[in-house]
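Asks: One structure follows; several queries about it will come next.
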Amino acid sequence: MKTRVWVVDNIVDKQQVYPQIREAVEWLRAGEVIAFPTETVYGLGADAANTAAVEKIFAAKGRPSDNPLIVHVASMAQAEAVAASIPPMAKTLMERFWPGPLTLVLPKRAKAVSERVTAGLPTVAVRMPDHPLALALIEASGLALAAPSANRSGRPSPTTAAHVLADLDGRIAGVIDGGPTGVGVESTVLDCSGGVPTILRPGGVTKEALIEAIGRVEEAAAVDDEAAPKAPGMKYTHYAPKAPLWIVAGPPAFLQRLVDESRAEGKTVGVLTTEENRDQYAADVVLPCGTRQALETVASRLYDTLRRFDETNVDLIYSEAFPEEGIGAAIMNRLRKAAGGRAISEQRK
Ligand code: AMP
Ligand code: MG
């Protein structure tokens, strides 16, 4: 399959992008899969009600089919059409954070979306992306779009159309190139299907902001379990660069010692750092990823930085660790998955 690329330049105003995406809209309506930018990462979208179309997402990504997909909507009416009910608290969150990087898990409405989208669960995950192109695509097609990140399963999520093509060229009908995404990490997934709302995945909307809005929020134990697997390599890794990644808790001098040890063994070593610390390291490849002063910039550049290591010949990568507050929680969650649990702390060494 030849993958079509539509470069859309004026994305300030939704109305102006409609003519530019007409073909993509037709193909979505015909059951094809199309990659498109959102404010978090590029998504790989298909008509959520069309099982054959949704199956093409799993095939293109090589994604395990027991992993449910997020349904993207452009209006409250569309959200109401896929959810059986919207609890008052979820409504408060939608008013406050939509459009935006918050996915709500709600009781699902029977037959509204394909069973392949919800992986047989009684719930459906819904979000309204804060990106004029994504909203225009959903509106113009009139479809709720099931869309995971537009990468091959296990790889870092795409934050540019070039990342999408690196993974999926020839495997999908098309990609809408709207430039780099902003937030850079995926949406926060919040279970609002009953009981105290629970964060299933930290993301673009912080736990602190959720607590401020609705008072009480819990974190799923599974998030912690996944974050700290008992032994490296036991768990399937996500977001992973090709070279093994280690998260290093400790000052730059400690990380540099690890670099020196590995280089003494003949290894080619990469370091993932920040603008503040980039001059502190002597390694084969040193890539700064945003600034500690503004962790949003780290989130925004994280996946691109992980992918850039793949263009080098490093045998392993040592990454600095980040504070777990605010967006730092999402950064560390993704880094831990990219590292598959490999972590070294100065205290424990
Ligand atoms: P991705 O599509 O890669 O952004 O990942 C989607 C995330 O949403 C995964 O962590 C899914 O497990 C989660 N998710 C989607 N639908 C549901 C649902 N109905 N219940 C719980 N989690 C869900
Ligand atoms: Mg993904």
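Glycine too: its Cβ is placed from the backbone N, Cα and C atoms.
As annotated in TrEMBL:
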- THR40, HIS72, ARG127, ALA147, SER187: L-threonine binding site (BINDING)
- ARG63, ASN67, THR123, SER149, SER157, ARG201, TYR239: ATP binding site (BINDING)
- 18-205: domain 'YrdC-like' (DOMAIN)
Asks: How many whole Å apart are the CA atoms of SER187 (L-threonine binding site) and ARG201 (ATP binding site)?
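Replies: So the Cα of ARG201 (ATP binding site) lies 8 Å away from that of SER187 (L-threonine binding site).
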Asks: What's the number of neighbouring CB atoms sitting within 10 A of the CB on ALA147 (L-threonine binding site)?
Replies: 28
Asks: So if I take the binding-site residues (THR40, HIS72, THR123, SER187, ARG201, TYR239) and measure from each Cβ to the nearest atom of ligand 1, which come out below 6 Å?
Replies: THR123, ARG201
Asks: Within 10 Å of THR123 (ATP binding site) by C-alpha distance: pick out those among the binding-site residues THR40, HIS72, ALA147, and say none if nothing qualifies.
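Replies: For THR123 (ATP binding site), the binding-site residues whose Cα atoms are within 10 Å come to none.
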Asks: Nearest of the binding-site residues to SER149 (ATP binding site) by CA-CA distance, picking from THR40, HIS72, ARG127?
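Replies: Minimum Cα distance from SER149 (ATP binding site) across THR40, HIS72, ARG127 lands on THR40.
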Asks: Tell me which of the binding-site residues THR40, HIS72, ARG127, ALA147 ends up closest to ARG63 (ATP binding site) in space, Cα to Cα.
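Replies: Nearest candidate: ALA147.
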Asks: Consider the binding-site residues ASN67, SER157, ARG201 and say which one has the Cα lying nearest the Cα of THR40 (L-threonine binding site).
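Replies: Checking each of ASN67, SER157, ARG201 against THR40 (L-threonine binding site), the shortest Cα distance is to SER157.
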Asks: Where the distance is taken from Cα to Cα, which of the binding-site residues HIS72, ARG127, ALA147 turns out closest to ARG201 (ATP binding site)?
Replies: ARG127
Asks: Express the predicted model's confidence over the domain 'YrdC-like' (18-205) as a mean pLDDT, rounded to an integer.
Replies: 96
